Amino acid sequence: MEKVLVFGHKNPDTDAICSAIAYAELKKELGMNAEPVRLGEISGETQFALDYFKVEGPRFVETVASEVDNVILVDHNERQQSANDIESVRVLEVIDHHRIANFETSDPIYYRCEPVGCTATILNKMYKENGITIRKEVAGLMLSAIISDSLLFKSPTCTEQDVAAARELAEIAGVDADKYGLEMLKAGADLSGKTMEQLISLDAKEFQMGNAKVEIAQVNAVDTNDVLVHQAELEKVISAVVEEKGLDLFLFVVTDILTNDSVGLAIGKAANVVEKAYNVSLENNTATLKGVVSRKKQIVPVLTEAFQA
């Protein structure tokens, strides 16, 4: 049987990795030869979840067309966030919870996108719809994805469906969602030992906003100063990325997981758009973004609107 690769976006977060594993397992149960893979490094937070539930991480690939003809995308749809040669393969399915942009296919596909906080929440429904029991380890990874995307149910992207799914999955996994979740988020917020290049690419996504090319990277921290103490070095590596990719804006967002506020570091010729979008003034290229924790709901649409205004 021909193999199908299942993967999340570049610079994968916990949902991108764990949903690839969970959906590949569901597809295998339904008779498909599916393998989860990843398009980037595994973060400390994701590694904590994999280690905790004793699951091996997916192997790394940059291109897919040399291996397979067909792929399934989870947790993304935009071409620039996907495999480098995504145009050379057929996308069979997309399971996602983000905006739909820069995406088209030549054939009809199964496309499931729901306004929930996490791809794993959708997969929880799909396991039920297909009458497949979720293994304990996989339930733990799916729970981890929801906790990560919802910042332990505090993000404005978090819905009642996400909370309900997390409680169900926690029961299957045999963990206390709140206790485990805080441990996992703290593991993800431990940025010691990371290079500046790693910090700005741990969870980075590229977007087309009007005519502007924008990259938004986000890291969680227990104290934003632990990251911003390195601002001069961060600006140097961000400026190099801006030049290399021809970006109009690179916004590096440091989110405090205890206060649920963020600090944005804006570099690029369109940095002033951040000021316009949030009605703030950049001082030394940074501004506090009160109550902003979600890239999907509080950054991407706000900046997109500002660029198109």
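Every residue gets a Cβ built from N, Cα and C, even glycine.
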Which of ASP69, ASP75, ASP176 belongs with ASP15, HIS97, ASP149 in the Mn(2+) 2 site listed by Swiss-Prot: ASP75
Cβ-based isolation winner (fewest other Cβ atoms within 10 Å) among the binding-site residues HIS9, HIS97: HIS97
For the Mn(2+) 1 site built from HIS9, ASP13, ASP75, further residues of that chain with CB within 8 A of the site's CB center: GLY8, ASN11, PRO12, ASP15, ALA16, ILE17, SER19, VAL74, HIS76, GLN81, THR119, LYS205
Local Cβ density at ASP13 (Mn(2+) 1 binding site) - other Cβ atoms counted within 10 Å: 26
Any further residue of that chain within 8 Å (Cβ to the Cβ centroid of ASP15, ASP75, HIS97, ASP149) of the recorded Mn(2+) 2 site: GLY8, ASP13, ALA16, SER19, VAL74, ASP96, HIS98, GLY117, CYS118, THR119, ALA120, ALA145
Chain-internal residues, separated by at least six, CB under 8 A from ASP15 (Mn(2+) 2 binding site): GLY8, ASP75, CYS118, THR119, ALA120, ALA145, ILE146, SER148, ASP149
In three-state DSSP terms, the structure that ASP149 (Mn(2+) 2 binding site) belongs to: helix
Cα distance (Å, whole number) from HIS97 (Mn(2+) 2 binding site) to HIS9 (Mn(2+) 1 binding site): 12
